[in-house]
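The following features are taken from Swiss-Prot:
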BINDING   C91, H133, H137  Fe cation binding site
ACT_SITE  E134  active site
Amino acid sequence: MAVLEVLTFPDDRLRTVAKPVKTVTPEIQTFIDDMIETMYDEEGIGLAATQVDFHQRIVVIDVSETRDEPMVLINPVITQKSGDDGIEEGCLSVPGAKGMVPRSAEVSVTALDRDGNEFSFDADDLLAICVQHELDHLEGKLFVDYLSPLKRKRIKEKLEKIKKFNEKN
């Protein structure tokens, strides 16, 4: 397994709409393992394939307290939403930034597992929010898109300064 490089805002590749996975191959399964390792290495609770510059509809999530229950969602679709919720979200692709994002309180999801078998589940609380956040990535959308233009601009400027500093050192 390998830790993958996570793209950071404002990288245009994060705006790519992911394509469906046609066939779950051994290469896709290895890539999923790398995504899970990357998510844990970055101390995240979710990671979409687009965040690591692979533009297919794959998401990994682990909101468990023990950090040992990864969920794999291939070609996920939210089939139903209800209620209103929202928390101050962060993102591995927007390091150091947080913002309040409105989300549905409950979602129903259908996806394929890592072996290509279809399954469905209902989610609420943090899992529902995380699913919505990661599926946004598959559509080329980031949590900063929900923020005011001024806050988004400030976050972008801050991350660009950090990037320039890191490139010099």
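Cβ coordinates are placed from backbone N, Cα and C, and glycine is handled just like the others.
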Neighbour tally for E134 (active site), based on other Cβ positions within 10 Å of its Cβ: 24
For H133 (Fe cation binding site): DSSP state (helix, strand, coil): helix
Cβ atoms near H133 (Fe cation binding site) (within 10 Å, other residues, all chains): 23
Fe cation site shell beyond C91, H133, H137, criterion: Cβ within 8 Å of Cβ centroid: G46, A48, Q51, E89, L92, S93, E134, D136, L142, F143
Where C91 (Fe cation binding site) sits in the secondary structure, as DSSP reduces it to three classes: coil
